[in-house]
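Q: One structure is given below, represented as structure tokens, and several questions about it will come after.
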Amino acid sequence: MAKKDYYEVLGVNRDASDEEIKKSYRKLAMKYHPDRNPDNPKAEESFKEAKEAYEVLSDEQKRAAYDQYGHAGVDPSAGPGPRQGFGNFADAFGDIFGDIFGGGGGNRRSNVYRGADLRYNMEISLEDAARRTETKIRIPVMSECETCHGSGARPGTQPVTCTTCGGHGQVRMQQGFFSVQQTCPKCHGSGKMVKEPCPSCQGAGRVKKHKTLSVKIPAGVDEGDRIRLSGEGERVNGGPPRDLYVVVHLKQHDIFQRDGGNLHCEMPISFTTAALGGEIEIPTLDGHAKMKIPPETQTGATFRLRGKGIKPLRTNDPGDLMCHVVVETPIKLTERQKELLREMEEINLQDSDKHSPRAKGWMDKVKDFFQ
């Protein structure tokens, strides 16, 4: 079956920006992740397709090669197999020029393949992001089959020479005037075939397992930051292990919104406090703090508490807490309260220029508009 177009897989246009590609991949990865769709092979296949497409389109060089040469520009094998990730452009097309200029080629590549880097999305609270902490995660990994030790063959048997490529790992294909050598679609470059599959892994050489890891979260991490766990990624065919990248996502906070090192919050105050001034108590990540409200404070006024934000990663100075005032209109008034407010309104109307200059100015503009 022919591979799907990577842009179609991610649902983006061919001129999509890096951010659009990243956003689309995140959405698909969350939707089709195997942990969210257990025992659903279609979802797992969609997840793999999205991951493969993103690995190419998020890399500038691979994307350029794909745009010019299609799938052959990034992965000549064009099919699933023990080789994960993608070779570079020179690997994919180096043999073409050897054929043209008499280099021949045809030697099988080394069988030591690297696996793929893994990604894990982790949600943490704003409080955990602000201070250094440690947590545990449980991740699915593809591990070498202990029964066949990664060969994919039934114990007591050995893989046999691939009948398609004769053990070379590559096949020659004619494309117009060019003779192109591509990775063998049958053995995926190994030069070997499994005649009797291992009963434990069905010939894949790997089995799905789960492992628990401890993740140290540095103080000041922000949305999208990555924590690298070296050697905790995939290991394929005895090759060196890749890495696991834990991607930080911040949970929505009930009070604060983060903007780099600064924190923002709404600060409702009564209209009497706004008019007369006073002192209120506000929450911070370190506890509570006192703030003085000057008389005649209006909705939209912002007060800054220096140093009460978050100290961003790799910086020494913490940000500030920005408190945005919202003057609250009283509700469910008693008759006595209504009476006092009407009395106050009568007094205000006697000198509205002084007591409500913005309202007076606005009404004057309205009158001028309709004249």
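Including glycine, each Cβ sits where the backbone N, Cα and C put it.
Okay, so Swiss-Prot annotates it like this:
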{"type": "DOMAIN", "residues": "5-70", "note": "domain 'J'"}
{"type": "REGION", "residues": "31-52", "note": "region 'Disordered'"}
{"type": "COMPBIAS", "residues": "32-52", "note": "compositional bias 'Basic and acidic residues'"}
{"type": "ZN_FING", "residues": "132-210", "note": "zinc finger"}
{"type": "BINDING", "residues": "C145, C148, C198, C201", "note": "Zn(2+) 1 binding site"}
{"type": "REPEAT", "residues": "145-152", "note": "repeat 'CXXCXGXG motif'"}
{"type": "BINDING", "residues": "C162, C165, C184, C187", "note": "Zn(2+) 2 binding site"}
{"type": "REPEAT", "residues": "162-169", "note": "repeat 'CXXCXGXG motif'"}
{"type": "REPEAT", "residues": "184-191", "note": "repeat 'CXXCXGXG motif'"}
{"type": "REPEAT", "residues": "198-205", "note": "repeat 'CXXCXGXG motif'"}
Q: From the binding-site residues C162, C165, C184, C187, pick the residue whose C-alpha lies nearest to the C-alpha of C145 (Zn(2+) 1 binding site).
A: C187
Q: Identify all same-chain residues not among C145, C148, C198, C201 whose C-beta atom falls within 8 angstroms of the centroid of the Zn(2+) 1 site's C-beta atoms; report them in sequence order.
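A: My list of surrounding residues reads E146, T147, H149, G150, S151, G152, A153, P197, P199, S200, Q202, G203, A204, G205, R206, V207.
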Q: Taking the repeat 'CXXCXGXG motif' (184-191) as reference, which of 145-152, 162-169, 198-205 has the most Cβ pairs under 8 angstroms?
A: 162-169
Q: Minimum Cβ neighbour count within 10 Å among the binding-site residues C148, C162, C165, C184: which residue?
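A: Minimum Cβ neighbour count within 10 Å, taken over the binding-site residues C148, C162, C165, C184, occurs at C162.
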Q: Roughly how many Å lie between the Cα atoms of C201 (Zn(2+) 1 binding site) and C184 (Zn(2+) 2 binding site), rounded to a whole value?
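A: Distance (Cα to Cα, whole Å): 22 Å.
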Q: What does DSSP assign C198 (Zn(2+) 1 binding site), in three states?
A: coil
Q: What residues in the same chain, six or more past the boundaries of the repeat 'CXXCXGXG motif' (198-205), come closer than 8 Å to it by Cβ-Cβ distance?
A: 82, 144-148, 150-155, 237
Q: Pull the DSSP breakdown for the region 'Disordered' (31-52) and write it out as helix, strand, coil residue counts.
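A: With helix first, then strand, then coil, the region 'Disordered' (31-52) has 14 helix, 0 strand, 8 coil.
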Q: Average the per-residue pLDDT over the repeat 'CXXCXGXG motif' (198-205) and send me the rounded value.
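A: Overall, the repeat 'CXXCXGXG motif' (198-205) comes to a mean pLDDT of 87.
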Q: By Cβ count within 10 Å, point out the most packed of the binding-site residues listed: C145, C187, C198, C201.
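A: Checking each of C145, C187, C198, C201, the winner is C187.
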Q: Do me a favour and check the Cα-Cα span between C184 (Zn(2+) 2 binding site) and C148 (Zn(2+) 1 binding site); whole Å is fine.
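A: Distance between the two Cα atoms comes out at 23 Å.
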Q: Cβ under 8 Å to the region 'Disordered' (31-52), counting only same-chain residues 6 or more beyond its ends: which ones?
A: 4, 6, 9-10, 25, 80, 140
Q: Starting from the Zn(2+) 2 site formed by C162, C165, C184, C187, give every other residue of that chain whose CB sits within 8 Å of the mean position of their CB atoms, in sequence order.
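A: Counting only non-site residues, the set is T163, T164, G166, G167, H168, G169, Q170, V171, P185, K186, H188, G189, S190, G191, K192, M193.
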Q: For the repeat 'CXXCXGXG motif' (145-152), jot down how many residues DSSP puts in helix, in strand and in coil.
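A: With helix first, then strand, then coil, the repeat 'CXXCXGXG motif' (145-152) has 0 helix, 0 strand, 8 coil.
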Q: When DSSP states are grouped into helix, strand and coil, how many residues of the repeat 'CXXCXGXG motif' (162-169) land in each?
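A: Residue counts in helix, strand and coil order: 0 helix, 0 strand, 8 coil.
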